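S.K.: The structure is given below, and queries will be raised subsequently.
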Amino acid sequence: MDWYLKPSGFFALKRMDLQRCKKVCPSGVSYYLLTLILGCLFLSQAASASETFLMPLGPVAEEQKVHFFWAMALTMVAILPVFILVPVILFKYRRKKGRGFYAPKWETYGPLELIMWGVPFLVIIVLSVMLWRATARLDPYKEIQGVVPPIKVQVVGLDWKWLFIYPELDIATVGELVVPVHTPISMILTSDTVMQSFFISALAGQIYVMPGMTTQLNFIASKTGETEGENTQYTGDGFADQKFNVQVVNSDNFDRWVQRVHSTGIELSTENYNRLAQRTTKKQAHGELATAQMPEKVIYFTLPGTQLFHEIVMRYHSGKPLSIEDQPGTEKFGRGKEDVEGVQP
Amino acid sequence: MSATEHGWLGKLSWESLVFSNFLESPSINEAVASAAGSLVILASIAILGLLTWYRLWGPLWRDWLTSTDHKKIGIMYIVFAIVMLVRGLLEGMVMRAQQAAAPDGFLHADHFAQLFSTHGTIMVFFVAVPFLVGLINFAMPLQIGARDVAFPVLNQISLAVTVSSGILLMVSLVVGQFSTGGWSAYPPYTGGDFSPGVGPDYWIWAIVFSGAGTTLTGINFTVTVYKCRGPGMHLFRMPLFCWTVLCASILMIFAMPPLSVAALMLGLDRYLDFHFFTNDLGGNMMNYANLFWLFGHPEVYLLVLPAYGIFSEVFSTYSAKTLYGYKSLVIATMCIAILSFTVWLHHFFTMGQSPTINIAFGIATMLIAVPTGVKVYDWMATMYRGRIRFTTPMVYAIGFLILFVIGGLSGVILANPTVDFQVHNTLFLVAHFHNVLIPGVLFGILAGYNYWFPKAFGFRLNDKLGRLSAYLWFAGFMLTFFPLYVAGLLGMPRRSFTYADLTFKPYMIVAFIGAMVVLAALITLVVQFLVSIRDRHKTRVPVGDPWDGRSLEWASPAPVPAYNFVELPTVTDRDEFSEAKEHGRAYQRPKNYRDIELPKNNPLGFILCVTSGILMFALVWYIWWLALISALAILIAVIASTFRKETEYIIPASQLEKDTEAWLALVEKSEAVSRDLEDSPRNVGYSKLEL
Amino acid sequence: MNLSSSSKSPGSIGNAHEAAHRDPAVVIFGFWVFMMSDLIFFGVVFAIYITMVGATAGGPGPKELFDFGSLFAQTMLLLTSSLTVGIATVTMRHERSRASFLFWVVITLLLGIGFLTLELYDFSEMASKGGVPSRSGYLSAFFGLVPLHGLHVTFGCLWMLVLIAQVFTMGMGQVVKLRFLRLALFWHFLDLIWIGIFSIVYFGGWVYG
């Protein structure tokens, strides 16, 4: 049985299986092996991709990765017996040529019952303790204690891009999130359209953002590098493009980057914000707003005041109905009533 | 959004037709849409034409559409579910093709979004539910020794509204566009501001009406199991399938209302400018998420529990052995049913609630793994010391056992909020629930279909092709969804119609190949059906017990007569029919023949199917006058039917005597075959006693 | 609770040897299960109302909108109708004259209609003070719940009308009796829901809103 050593082995086996449908027992074995091997093959390949918690850039994602593998390994205690015993049982007790003892009325056996209930229960108890501790420790709302004070970032989900406001630095960006290494990042997030889910796999995982409400995400990067963040909640045509570049840089480079944003950014005035908040992809927004100095699909802003995030959240708490023309993310947003006459919903 | 904005045809216009888009701006995207639309129209015309050509309208009306017989209603459910299954699978394939072809792709984002929305909606509400309800309808009353379900006309009504909602979904292929908000239809995206079209309205009404049907079905089944069991059939003598049906029915009763409430409130938001889930004026979309998943999680168990029941029957029958750990299995089933109401929050661990809440729901979720694990071990112990025959249902059951635990594994992983922050909303999640629903529910359904088919139609399905189909399902499933696990771990969000990162491409291509294998499996299933019809004379099992069955449904001839049992059997054991055969109590002449009273045919179901279909269509398109007329028609039809006086007909004792004597004579002259000849023409449904 | 005991001892309303779907025990039990499902439906809407109590979005709240005088009258009407429907059940069980039975049914019907009229009047009063569902999440939740009960009452009234017609066309047979028993159950159930509405929606809303 060395077929599984060759990568093409399992395809050959599948054909064989189909031919010997009648002799099911061996193919039962092969299917479970195939399953395991496929899984291993894919998991080993996974290590080559960079935008995932399997290649973490910070301790949060690192712990999530470790937890993932531990949960898998512990659950295996309850699952491996199935993989091993089912083929054995099938082989031994097959009707044709099976050599097993036949006990048609055997219906219960106390000690076995105890094992059947006990083993999964013990596994779950161990997993629950792990779950409890990890969940409490990795609470995304908990600020991370670092040697330097955290950098605050306000995140606004728009259709179909993310706006990052650095209130203490008086800058904002679209399509690019730059954070210094070894510095806690404290994010507060909201949406100015439908519900979205903000996700940076290699650093922190994801959190939902909802209009009129805020959520929080805290993380710290432990090495420099580049990764991608995205929205994982479907929000319409531009959804697949709602990604952003994440750069973890050292503090010198970060300062230089802040300078650059300051010098090249345009003012994030109400007018500019309203143009940004329309239903556009990064590329379209870039074409509409960006200047030549800004990188492709990225827009830099400077902040005229510090109230923008607050205003965005409070937009939904005015106590007055928000007409469809004033609701960012709708087709009619930002257009006068006469403009939309011809547009078919 | 008032009625006055639109003309007498509401929002309906020439532009609503799918073909108009294709004519105006031809593209592959529109061509796919138009092809799907044409397929629906052509298939409908073909069916109507064939019915007319073969003059089948009369029999169809008399024997099927107006029938109140639980077996026929069950079969109609299954036919409906198969039609929807074909559509759902094809949609899945188009999506796989799109993702394999991405970043270039051939579909617009909007079209892709409609595909995943209908695929999910159809597979859950119009394939899994009706298929299972069909199998339950067919088998459960037979297993508990009843003549029919508790409320036959209600049963018909449940079928009617389910089918009309399904037809509404089919209509959405031709007229207008379906929702793009996924099967869970989260507002505010599906609210009036962000989805002004008719799509979410299609979703809402299909869900509300089919949900009402499912609730009524749940009531019907619960009462049937509690109150209509035959003499001697204590609860703890019921086959395990009936236990799972009972638990699933209770889930239907309790879990469907939150969904109906959520959908209706979304409807109120959209139609009447309410503010349940809107962004402004105090609306709160988190309420929707809670309501939807308060339904959504029990729903999963509502589907998988009856499938567990089917597997229990299959393992026991084809291992020729009594079910191991019956009481354990019953307790495990009840544990799962109860726990399923305590875990809904795990669908949104990442909504920003406190870790304490996440911990509580995470642990509750993991706890479900305990009774599920017990079940798996019990099935293994059932095969242990048995004589295992590898027939089609058994092959499905074995595939289920192996593949389902992988789904369980990923489920336990997902139950960890820590990990969920990483894999929520990614393809990992998609792979997980397909890994649970395909081996768990679909394989169960197909096992049940192969298992009970001879009982329903009197001849066996081709076993060789059945097994081939099963293997193709396994291979196709693994090729399609294992790559998705990895793509999900790599961070690919679900519902992406395209992606820029080419790391995902190889996985998507493998998944597409898998989808093609699944297509082959579906085709094999159809071929199996056709070949079996061709060979039906060689595979007839009129005596009624082709698999050496253990429960009561095998004690009657195949196909089963309308009255199920001439004399309701008196049950003394859990494996009643098995015991009866062993002790020579099977195939006995009843002591005396007595008239049997059965419910008459009733056109109410059909009328409601048509009127509710029209009502939904009118509501979707804002055609208020039509909505009013059809709503009144529904009311009048229901009231009128309560004035019917003669609701029963009598099958005379003489008829019963004639049928039974003929059957017993057949038993007399038939050869009892051993299990080795199960798949040969000599198996006429009379099993040899093997000890 | 003489009604629930009737589901266990159906002796007084017919024999139990008929087909299962006409067996009174089965029919009544089925109706209990239905009400259980309906109760969940209401329960969920109640829960939504509770979460929405604060969501008035600057619009009118319970203190501005509720008229407890009218509510007291509505409560009295509904509670009395529960009593009269009970009397009707008793007359039916004791096989009193059809006229006395019908009398109590009609009284119940009138009380139900009176309740509905007052409720509609309340709604129109609320609307005149700006209390319409499109004003706020709170009012949406209110108008999602209270009229839902009102619709149930309307349905109950319609059911009563149909039953009155059936008493004349089909006579006081077992079928009609069973239907009336279920209607009575339904009517008591709606009374219970109303008590929930009064204490949670109106009183609770007034206290916490």
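Note: Cβ is positioned from N, Cα and C throughout, glycine not excepted.
Keep in mind it's a predicted model, so treat the numbers as computed, not measured.
Pulled these from TrEMBL:
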type: DOMAIN; residues: B:55-572; note: domain 'Cytochrome oxidase subunit I profile'
type: TRANSMEM; residues: B:31-54; note: transmembrane segment
type: TRANSMEM; residues: B:75-95; note: transmembrane segment
type: TRANSMEM; residues: B:115-136; note: transmembrane segment
type: TRANSMEM; residues: B:157-178; note: transmembrane segment
type: TRANSMEM; residues: B:202-228; note: transmembrane segment
type: TRANSMEM; residues: B:240-268; note: transmembrane segment
type: TRANSMEM; residues: B:323-345; note: transmembrane segment
type: TRANSMEM; residues: B:357-374; note: transmembrane segment
type: TRANSMEM; residues: B:395-415; note: transmembrane segment
type: TRANSMEM; residues: B:470-487; note: transmembrane segment
type: TRANSMEM; residues: B:507-531; note: transmembrane segment
type: TRANSMEM; residues: B:624-643; note: transmembrane segment
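Walk me through the surroundings of each of these features.
M.R.: For the transmembrane segment (B:240-268), the residues of the chain that approach it from at least six positions outside its boundaries are 132, 136, 139-140, 143-144, 185, 187, 190-191, 200-201, 203-205, 207-208, 211-212, 214-215, 217-222, 225-226, 274, 276-277, 288, 291-292, 294-296, 298-299, 301-303, 305-306, 308-310, 312-313, 323, 326, 329-330, 333-334, 336-337, 340-341, 551, judged by C-beta separation under 8 angstroms.
Outside the transmembrane segment (B:357-374), and at least 6 residues removed from its termini, the chain residues within Cβ reach (under 8 Å) are 325, 328-329, 331-333, 335-336, 339-340, 342-346, 349, 408, 411-412, 415-417.
Nonlocal intrachain contacts for the transmembrane segment (B:395-415), taken as residues 6+ away from its ends with a CB within less than 8 angstroms of a stretch CB, comprise 311, 314-315, 318, 346, 362, 365-366, 369, 372-373, 376, 379-380, 423-424, 428-429, 431-432, 435-436, 438-440, 443-444, 446-447, 450, 466-467, 470-471, 473-474, 477-478, 485.
Counting same-chain residues at least six beyond the ends of the transmembrane segment (B:507-531), those with a Cβ under 8 angstroms from any Cβ of the stretch are 85-86, 89, 92-93, 96-97, 99-100, 102, 446, 461-462, 465-466, 468-470, 472-473, 475-481, 483-484, 486-487.
Among residues of the same chain six or more beyond the transmembrane segment (B:624-643), those with a C-beta under 8 A of the stretch's C-beta atoms are 3, 8, 10, 153, 602, 604, 607-608, 611-612, 614-615, 617-618.
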S.K.: Using Cβ atoms and a strict cutoff of less than 8 Å, what residues sit near the transmembrane segment (B:31-54) while being 6 or more residues removed from its termini?
M.R.: 17-19, 21-22, 60, 94, 106-107, 111, 170-171, 173-174
S.K.: Output the single range from B:75-95, B:157-178, B:202-228 maximising the number of Cβ pairs under 8 Å to the transmembrane segment (B:115-136).
M.R.: B:75-95
S.K.: Can you work out which residues elsewhere in the same chain, 6+ from the ends of the transmembrane segment (B:323-345), have a Cβ less than 8 Å from its Cβ atoms?
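M.R.: For the transmembrane segment (B:323-345), the sequence-distant neighbours (Cβ-Cβ under 8 Å, at least 6 residues beyond its ends) are 236, 240, 243-244, 247-248, 250-251, 254-255, 290, 293-294, 296-298, 300-301, 305, 308, 312, 315-316, 353, 357-358, 361, 364-365, 367-368, 370-372, 374-375, 377-379, 381-382, 384, 574.
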S.K.: Mean pLDDT over the domain 'Cytochrome oxidase subunit I profile' (B:55-572): what is the value?
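M.R.: The average pLDDT of the model in the domain 'Cytochrome oxidase subunit I profile' (B:55-572) works out to 95.
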